[in-house]
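Asks: Here it is, the structure in full.
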Amino acid sequence: MAGGKIRKEKQKGSNHFQGGIPFHKSKGQHILKNPMLVESIVQKAGIKPTDIILEIGPGTGNLTKKLLEAGKKVIAVELDPRMVLELKRRFQGTPFSTRLEVIQGDVLKCELPFFDICVANIPYQISSPLVFKLLDINQKQNFRCAIIMFQREFAMRLVAQPGDKLYCRLAVNTQLLARVFHLLKVGKNNFRPPPKVDSSVVRIEPRRPLPIPVGKLKEWNGLLSLCFSRKNKTLGSIFGQKKVLEMLEKNYRTLESLGQLKDNDSEIIDMSILNEDVSMDVVENGKADDEEDDQMEVEEEGEDDADSDNNEMQINDSGFKGKVIGVLKQYDYADKRSSKLTQNEFIHLLSVFNQAGIHFTSTK
Ligand SMILES: C[S@@+](CC[C@H](N)C(=O)[O-])C[C@H]1O[C@@H](n2cnc3c(N)ncnc32)[C@H](O)[C@@H]1O
């Protein structure tokens with residue numbers, strides 16, 4: 001089913017295929033070779049005949065062909081000029097050619113066209129930035145949903161719920177911006193060449209409006225960075241740390257001096273902030289299941305997880321420390337852990353902190 005002249009003749013010492021286009025693993029070139037699977041993905045996407053479909057990384061066009069059969073138009077963004085040529089060649093002179101637009105370039109760098117639905121088997125190394133690019137609220141996109149093949153573990157992180165082993169900042173951030181559903185498990189042998197990892201197809205439906213004002217996204221990200229710096233620690237313990245308190249107090253003083261202790265809004269939101277922590281796009285590079293975000297690592301020497309006694313001391317502290325821990329105590333969050341907190345609880349936590357003048361960003 002692979003398009004063009006690609007043949008499976010492995011060269012010694014490389015992953016190239018002779019006689020056609022060599023596949024580049026560095027570009028995530030694992031093409032779909034199982035027609036039944038392609039059919040199933042297209043069916044599950046629920047494409048309407050009037051739909052403009054965005055396909056990312058069409059490769060040799062196996063999925064593209066089925067998308068063209070199902071929708072009104074396919075706009076395909078492909079990085080590799082050899083694949084672009086192959087794709088054009090495949091559909092040249094067919095009735096599909098007028099309904100296929102190919103954009104050569106990096107999907108992460110190009111401006112996305114208007115589309116109704118995105119269906120894609122993507123290179124896994126762009127998973128996380130792509131999700132946040134698609135869900136970028138500044139893009140004013142209004143697409144219905146995206147049906148995307150991801151590495152299995154990444155997919156399971158996207159859909160993880162409080163208490164799940166893979167529940168993480170990526171899950172909370174994605175689920176703030178979208179509803180996410182696991183659709184299909186896909187084994188390695190459906191691809192040529194087979195990747196090292198299993199895959200899953202996920203459905204992502206953008207949430208409009210968002211559950212928090214867009215101007216709060218920066219604050220939200222600051223709060224979650226802290227909460228997931230040690231997701232299995234109690235919030236009382238995380239927020240009782242000297243470095244955390246120093247940072248929050250600095251924010252507090254800065255905003256106080258600027259007279260901005262109330263909520264602030266900014267017009268353009270840099271969505272990449274929500275993507276900062278996700279370093280597991282390619283799990284082959286190895287981030288363990290229960291590893292936590294280390295970007296905001298703030299643990300102090302000698303501190304351990306069973307530190308509720310210390311919390312008691314901190315809680316009795318007066319001044320700024322007492323203010324922060326007091327909020328956690330008052331709303332019953334001090335003994336809770338991020339690994340089990342729902343999205344609504346995070347939203348509530350941000351709200352009660354902000355009401356107390358405690359902010360997670362000091363500038364707009
Ligand atoms: C996993 S293959 C999928 C090929 C085809 N869709 C299929 O299912 O058979 C990923 C494709 O994405 C392309 N690609 C890699 N990085 C890209 C990027 N940043 N922007 C657009 N396309 C990219 C690769 O060249 C490759 O053709």
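Backbone N, Cα and C atoms are what each Cβ position is placed from, and that goes for glycine too.
Those TrEMBL annotations? Automatic predictions, nothing curated.
What TrEMBL records for this protein is below:
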- 1-10: compositional bias 'Basic residues' (COMPBIAS)
- 1-27: region 'Disordered' (REGION)
- H30, L32, G57, E78, D106, N121: S-adenosyl-L-methionine binding site (BINDING)
- 37-208: domain 'Ribosomal RNA adenine methylase transferase N-terminal' (DOMAIN)
- 287-317: region 'Disordered' (REGION)
- 289-310: compositional bias 'Acidic residues' (COMPBIAS)
Asks: Please report the three-state DSSP label of G57 (S-adenosyl-L-methionine binding site).
Replies: coil
Asks: I'd like the Cβ neighbour count for G57 (S-adenosyl-L-methionine binding site), meaning other Cβ atoms within 10 Å of its Cβ, all protein chains included.
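Replies: For G57 (S-adenosyl-L-methionine binding site), the 10 Å Cβ neighbour count is 24.
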Asks: Quick one: of E78, D106, which of the binding-site residues has the smallest count of other CB atoms within 10 A?
Replies: D106
Asks: Under DSSP, is D106 (S-adenosyl-L-methionine binding site) helix, strand or coil?
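Replies: The residue in question, D106 (S-adenosyl-L-methionine binding site), is coil (DSSP, three-state).
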